[in-house]
Amino acid sequence: MWIILFTTTTFCFSMSRAGDFCENVLKECRDSDPSWIGCYEDRIMTCKPRGRSMTGIKQLKVDSLQEVDVSPTFEHRVQIPSSALQESIGNVSEVDVLVVASVINSSYFKLSPPQRSRTPQIHRRNGKVFRDSAVCVRAGNRAVENLLQPITLTFKHNKEVESGTCVFWKETSAKDGTGYWSNEGCDTNYTAHEFICSCNHLSFFAVLVNPGISVTKADADKLNYITYIGSGLSAPFALISLFIYIYLHRRHPEKSISLHMQLTVAMFCLHLTFLLSSLLAQLLKEKEDGSSCLVLGLVLHWSLLATMTWSALEGFHLYLLLIRVFNIYVRRYLLKLSLIGWGFPTLVAAVCGISRVYGKYTLKYSNSNLTQHMCWMSNESEQKLLVVSYITTVAFPFLVVVFNACMLGLVVFKMLELRRGDRSFGSSSDWKKINKERKKRLWKDCVTVLGLSCVLGLPWGLASTTYVSLAGIYIFTVLNSLQGVFIFLWSVAMAWSKSQPENNSSIRDSSSQKMMTTSFNSRN
């Protein structure tokens, strides 16, 4: 009987102490109270880790006069300055202070809906929690906030994300366990292998990243087909457009046509070398990086730069025609534009070639194991790739698109002015005929604006949509792979416009025609 009583007592005592282990604290706090944050913060300071090598939580008794460095896991590191430790114990004369750092799954945090009140959540941030991990940092028995010397948290990464934001969990006043991620009091630094967070308080911390767009194998195959078919059409259509421009230039030696010719040549080279570089990269073995791939990567980069440069020069030409109408004679105008249009890409490509930037490039789709190979800039030179690709494929195209978008807006403004100044439009007494002519001219204006958009390279601006949704990737791929076809349609429209009689007002429209056949009347 005494044995049974002793066994029962021991079992009950063991059960009552089970909750003292740190691995049970989170579950018990969530089961007992929806607002489990306070319970967890209190009990994590007094619980006992099960075993000395328990991962995910570290409890240290440290000297409050010294900085503490604790790593709850291999991927997380917390550095707390001595000033924060001293504030955590207040005016207590004790020197030692208990520091706890634990890592928990972010799915336990329940997001509250955005509030519309007089005090909006201006520091609220949305996104996916990096690796679904949040770090809880506690010290002493007092709340620590508004630190002059911040604590530092380090989250290691394997370059699977390009950027992130350091945040902490802030509960709402509803006391129902809901809250949101806020970046108030936290600064973010991003390195090649780490997120470094500097925060002026102790709390639950995490890194929010923009969720990558998931591209399935079926979507990747469709995008490849669209790209190859589009570029396969654009290359020959661009070549046909070149012959049309040559024919037009012989009949009407205008500088606008000469600029279109240069842009068409650059676009033809771009689509042709893209097809060749993709084909060659697929034929090469996994780790093979031949000299032919290096050359194609150089030519592809040069063609892209030339296309963007000539698009910018098209916008500059529009600026001179529409703004500086008088005194616009420039000596050897086409020669100077050619030096810029072909010289700048050649110089950049030569410098990159000497620096050995080019080679086989492997594109990895976000949130998938799918890869795509092409001859471009080699992945082996990561630092050079980052700098060169940012300057020449992000910053430079961005400036070109912004400048040309302003020029297109100016064109639309001028067309509206010409519409208002066209007195002959309202001379007819037949209102049906007026409406018909109005619709016809509106259609011509829309076609002119769309054509100029392609000439000015504005479809490249849709690259930003590829970070928003899968539909954005499809739209960007379709429009940019068919640029050669759009240039061909523009050349046909110009040829048709040039073939019409000058005095046929029923066919030729003043505003659209002026914008479509913009030309420099000055000679070389």
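Including glycine, each Cβ sits where the backbone N, Cα and C put it.
Per TrEMBL, signal peptide is recorded for 1-18.
The domain 'GAIN-B' feature in TrEMBL is assigned to 49-215.
The feature domain 'G-protein coupled receptors family 2 profile 2' is assigned by TrEMBL to 223-495.
Look at TrEMBL and you will find 225-248 (among others) tagged as transmembrane segment.
Taken from TrEMBL, the feature transmembrane segment applies to 260-280 (among others).
With a cut-off of 8 Å between Cβ atoms, the residues of this chain six or more beyond the transmembrane segment (300-322) that come close are 255-256, 259-260, 262-263, 266-267, 269-270, 273-274, 277, 328, 337, 340-342, 344-346, 348-349, 352, 358, 375-377, 392-393, 396-397, 399-400, 403-404, 407, 410-411, 414, 452, 455-457, 460, 518-520. If you look up TrEMBL, you'll see 300-322 (among others) marked as transmembrane segment.
Listed as Cβ neighbours of the transmembrane segment (334-358) (distance under 8 Å, sequence separation of 6 or more from its ends, same chain) are residues 255, 258-259, 262, 266, 293-295, 297-299, 301-303, 305-306, 309-310, 313, 317, 375-378, 381, 384-385, 388, 392, 524. The transmembrane segment annotation in TrEMBL covers 334-358 (among others).
Note on the transmembrane segment (387-413): residues 301, 304-305, 308-309, 311-312, 314-315, 318-319, 322-323, 348, 352, 357, 377, 448-449, 452-453, 456-458, 460-461, 463, 515 of its chain, located 6 or more positions outside it, place their CB under 8 angstroms from a CB of the stretch. What TrEMBL records for 387-413 (among others) is transmembrane segment.
Per TrEMBL, transmembrane segment is recorded for 442-461 (among others).
The feature transmembrane segment is assigned by TrEMBL to 473-496 (among others). For the transmembrane segment (473-496), same-chain residues at least 6 beyond its ends with a Cβ under 8 Å from one of its own Cβ atoms are 213, 215, 219, 222-223, 226-227, 229-231, 233-238, 240-241, 244-245, 247-248, 257, 260, 263-264, 267-268, 271, 447, 451, 454-455, 459-460, 462-463, 465-466, 516-517.
Among the features that TrEMBL reports, region 'Disordered' is placed at 501-524.
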Close approaches to the transmembrane segment (225-248) from elsewhere in its chain (Cβ under 8 angstroms; 6 or more beyond its ends): 257, 260-261, 264-265, 267-268, 271-272, 274-275, 278, 474, 477-478, 480-485, 487-488, 490-492, 494-495, 498
Between 0 and 100, where does the mean pLDDT of the domain 'GAIN-B' (49-215) sit? 86
